[in-house]
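**Q** Once you've had a glance at the structure underneath, I'll fire off some questions.
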Amino acid sequence: MPIYEYVDTHSHLDMPEFDADRQEMLKRAFENGVKTIITTGIDIPSSQKAIDLAAANPAIYAAVGIHPQECTGVTEADFERLELLVKCEKVVAIGECGLDYYRDYSPRHTQLETFYHHLDLADQTGLPLIIHCRQAEEDVLKILSDWSAQSPASAGKGVIHCFSGSAETALKYINMGFYIGLGAYIGYPSSRKYHPAFAAIPLEHIVLETDCPFLPPQTHRGERNEPAYIPLTAATLAEIKNLGTNEVASATTANARRLFHLDK
Ligand SMILES: [Zn+2]
């Protein structure tokens, strides 16, 4: 299989799952064409680690934020800390942030307050958002549509990460200025019902991601996911969209570079 160039727009490289072989894992990513990786914070310590990893490796960029499942007990001091972290070198996005009503790990009012803080931060910095939405589509759509109505529509407001839903919902996000993030889960048997929707999402609004160490490709179920597997997701998407993997690679890589201003 020829090697194309890719960006992994969503990973958690700081997690302990990578402690034993982080350098070899990055080497494998590089060998498979995944030359740029965004590592995403889920709380203050992991956001700091994302910045440290980005500082140590030219291929890595950082996103800083507080995940909706991690916001229980969040304090004003945490938000102040986040405001400082967002100004650090190689921070290209705010997140991951959003709403997660699956099992309600954190109280909904805390999730909402935390999410609004991230939107304010995006207003202040102009950085794109990495949005996590699980079983909270109605609220996320409403909040983002109100928020994006205030600022002129630009195709760079952020990404709806790990998207599963209808083409209609995807187009609503796209019209607000968001991109759609797709990962290896699109190849799971349980995702088959979404294939018509994935096929209908315009390629110029899609970015690829792993969410590693989570959600490995179908052929690696039960194992750790890692950025080197991005080409498998590109091949799956190419099949769903009846395109060449080269087309999926070049479009999604250009989209990621544009959205996260990776060429600056
Ligand atoms: Zn994630």
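Each residue, glycine too, has its Cβ placed from N, Cα and C.
Just so you know, TrEMBL annotations never went through curation; they're auto-generated.
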**Q** May I ask you to find which of Glu96, Glu113 TrEMBL records for the divalent metal cation 1 site already listed with His10, His12, Asp211?
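**A** Within the candidate list, TrEMBL flags Glu96.
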**Q** Measure from the CA atom of Glu96 (divalent metal cation 1 binding site) to the CA atom of His161 (divalent metal cation 2 binding site) and give the result in Å, rounded to a whole number.
**A** 9
**Q** Compute the centroid of the Cβ atoms of His10, His12, Glu96, Asp211, then list the same-chain residues not in that set whose Cβ lies within 8 Å of it, in sequence order, for the divalent metal cation 1 site.
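**A** Neighbours found: Ser11, Thr40, Ile42, Ile130, His132, His161, Cys162, Glu209, Thr210, Cys212, Phe214.
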**Q** For His132 (divalent metal cation 2 binding site), which of the three DSSP-derived states applies: helix, strand, or coil?
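**A** Looking at the DSSP assignment, His132 (divalent metal cation 2 binding site) belongs to a strand.
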